[in-house]
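Participant: My questions all concern the structure below.
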């Protein structure tokens, strides 16, 4: 059977029953991958023509834009087909690893957010904006976004208290400095695209600030000169944290513009009142040529996704990380 890979216009012979990722890798086609088990979403690609047997989590998921999306590691070739892979400048390959670490600090960022710092026994490579699974005990395991960069001396996570949440309750009430943890990753596709030269819109709601911090620092500290508009949205003044950190970055890098947005109640000096979606719509009415990184609560991310698409960002340049609750 024949597999056509766009935009490379590459025609490959493949055996029925092979996974798409195996065929791409064996033919040295550049594609991002990590976990190889359908968890991380890194090897996502689009089916243009034909069909594949999809065993992964993309099955039944609403699709943005035209075509059907599959995870290459979970899609099995059954007939001639044509797929589209991400642009080669977006390819990242960070083999998933499990690394031991030690909690070195637990700080109170806000009334319901704790900042964890973890010293890893070995380095863990990841792209800014990705996340990892953190195991505190065999029963307490959850995914959290990295707030820093691989070059940082310690790994940082920002964890919000979830009412009735088993893991967040453990972090807030039982976890102590010196505890051993296991970090598994990296995971996720909402990572920084380094070769993009146009403007960037980075929006973090609540602890969605963690991956946004990673993305923005990754861009700035690697020398990217793109105009970056960062919006940090919170419910009220008491939910604001890392404000000085954001403004310190903006002072160092003139291409970064920071907006701290408070939805309800007084905003305070230097901040803005209202909904992030409303302010972006007024501030940036034409987003053609931009890339967007959207992180936070699902309702906010979904609303932003619709907004930025309407304002001109093509679906492939919208990178979203919605923080769905994991239950108790």
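Including glycine, each Cβ sits where the backbone N, Cα and C put it.
Checked Swiss-Prot, it gives:
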DOMAIN    1-89  domain '2Fe-2S ferredoxin-type'
BINDING   35, 40, 43, 73  [2Fe-2S] cluster binding site
DOMAIN    96-193  domain 'FAD-binding FR-type'
Participant: Per DSSP, what is the helix/strand/coil residue tally across the domain 'FAD-binding FR-type' (96-193)?
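Facilitator: Result for the domain 'FAD-binding FR-type' (96-193), in helix, strand, coil order: 8 helix, 49 strand, 41 coil.
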Participant: Would you count the other CB atoms within 10 A of the CB of residue 73 ([2Fe-2S] cluster binding site), including those on all shown protein chains?
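Facilitator: For residue 73 ([2Fe-2S] cluster binding site), the 10 Å Cβ neighbour count is 26.
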